[in-house]
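*Asks:* Per Swiss-Prot, the features are:
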BINDING   CYS12, CYS96, CYS197  [4Fe-4S] cluster binding site
BINDING   HIS41, HIS74, HIS124, SER225, SER226, ASN227, SER269  isopentenyl diphosphate binding site
BINDING   HIS41, HIS74, HIS124, THR167, SER225, SER226, ASN227, SER269  (2E)-4-hydroxy-3-methylbut-2-enyl diphosphate binding site
BINDING   HIS41, HIS74, HIS124, SER225, SER226, ASN227, SER269  dimethylallyl diphosphate binding site
ACT_SITE  GLU126  active site, proton donor
Amino acid sequence: MQILLANPRGFCAGVDRAISIVENALAIYGAPIYVRHEVVHNRYVVDSLRKRGAIFIEQISEVPDGAILIFSAHGVSQAVRNEAKSRDLTVFDATCPLVTKVHMEVARASRRGEESILIGHAGHPEVEGTMGQYSNPEGGMYLVESPEDVWTLNVKNEGKLSFMTQTTLSVDDTSDVIDALRKRFPKIVGPRKDDICYATTNRQEAVRALAEQADVVLVVGSKNSSNSNRLAELAQRMGRTAFLIDDAADIQEAWVKEAACVGVTAGASAPDILVQNVIARLREFGGGEAVTLEGREENIVFEVPKELRVDVREVE
C-alpha cells in the first residue's frame, strides 16, 4: 500500500499565531489563561493547552476580574469585544488577520449604511463574529449558505449592496453562491481580494491532486473544523472514499485493506504530529514509506502581539 501526503497540509499562519499567543501568555503570566471559545478547532491542540492551564469559556461572564482573556482565531463580535473592554481584563486578540480583514469590510459597509451579505455557515463562530461587526439599522446584514438562499433573499436597496465570505469555505461551493448573487443583484460589489484564505484554497488544491492518485483519503481534523470538513467533502466529490479523523486511533483497517494507495492530508488546525501518527498506523497495516506530493509553498507568518513576543524557552 502506497502512502501519499498532500502538500501543503496542516497548520496555517493564523493557527500558528493563535496557538503561540496562548502558549506565550501561559509562559509569561502563568495559569490560568482564559480563552473565549476553542482557540482553534482541533481536539488535540485544545486538550494540550487545557493541560497547561488554558481555560476555554463561551461567555465573558465566566472570566473573573483581573484575568487574562484571549479571543480565539475565529474572531468575536463587536458586542463581545465591548463587553470584555468594560471588564477589568487583560485582553489579547488571536483573531486570524485574514478574518480581521473581513471584519473591516463589514464594519466599513455598516458605517456607510450599505447592506452586506455574508456567505457562510450558520452557527460557526467565525460567522457569528463577522455578522457581529454590523450595527447600522439603516442598512442590513444577511447570511446565505447556498444559491437557493440567494434567490429567496430580499434587500432594501440593491444599488448599495456588497458581499463577503467566511474564510474557510469550499472554493467551488462559494463560486456557485457568488454566481447566484451576481445574477440576483447585478450591482453587488465583492471584496477586492477573495475572502477565502490562502490556506483554505491551497489545501483544497492539494487534496484535489491527492484524490487523483489515492483510492482512499484520510483527512486529519476535528469534526467541528470547517476547513477540514471541506477537504473530506471535496475528496468525496471526486469519487474517493474519504474519512475525517481526529487521530490515528480512528482508522479502521477495513477502510484501507483493499487500497493500493492511501492519501493523507490535514486541516489547517491539525498539528503534524497527528499526521505522523497516522502514517505510523498505516505502516502497521502494510503501508510503505510516505511520499509527499509537490505543492504550493507557503511562507506566510503572522506576528503575535508585541507584549507576547518572547522566546518561551527563556521564560521557562
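Each residue, glycine too, has its Cβ placed from N, Cα and C.
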*Asks:* Which ones, of the binding-site residues SER226, ASN227, SER269, have a Cα no more than 10 Å from the Cα of CYS12 ([4Fe-4S] cluster binding site)?
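*Replies:* Cα filter at 10 Å returns SER269.
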*Asks:* According to DSSP, which kind of secondary structure is SER225 (isopentenyl diphosphate binding site) found in, if we only use helix, strand and coil?
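*Replies:* SS state of SER225 (isopentenyl diphosphate binding site) = coil.
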*Asks:* If you measure C-alpha to C-alpha, which of HIS41, HIS124, SER269 (binding-site residues) come within 10 angstroms of CYS96 ([4Fe-4S] cluster binding site)?
*Replies:* none
*Asks:* Suppose the dimethylallyl diphosphate site is HIS41, HIS74, HIS124, SER225, SER226, ASN227, SER269. Which further residues of the same chain have a Cβ inside 8 angstroms of that site's Cβ centroid?
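*Replies:* Near the dimethylallyl diphosphate site, the remaining chain residues are VAL40, GLU126, THR168, ASN224, SER228, GLY267, ALA268.
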*Asks:* Measuring C-alpha to C-alpha, could you say which of the recorded positions GLU126, CYS197, SER225 are within 10 Å of THR167 ((2E)-4-hydroxy-3-methylbut-2-enyl diphosphate binding site)?
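*Replies:* So the list reads GLU126, CYS197.
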*Asks:* Could you give the Cα-Cα distance between SER269 (isopentenyl diphosphate binding site) and CYS197 ([4Fe-4S] cluster binding site), in whole Å?
*Replies:* 14
*Asks:* Once CYS12, CYS96, CYS197 are set aside, which residues in the chain still have Cβ within 8 Å of the Cβ centroid of the [4Fe-4S] cluster site?
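*Replies:* Apart from the listed residues, the neighbours are ALA13, GLY14, VAL15, ALA73, PRO97, LEU98, VAL99, THR167, THR168, TYR198, ALA199, THR200, ALA268.
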*Asks:* Relative to the Cβ of ASN227 (isopentenyl diphosphate binding site), which residues of the same chain, six or more apart in sequence, are found under 8 Å away?
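*Replies:* In sequence order, the residues whose Cβ lies under 8 Å from that of ASN227 (isopentenyl diphosphate binding site) (at least 6 apart) are THR168, ALA199, THR200, ARG203, GLY221, GLY267, ALA268, SER269.
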*Asks:* Among all the protein chains here, how many other CB atoms are within 10 A of the CB of CYS197 ([4Fe-4S] cluster binding site)?
*Replies:* 26
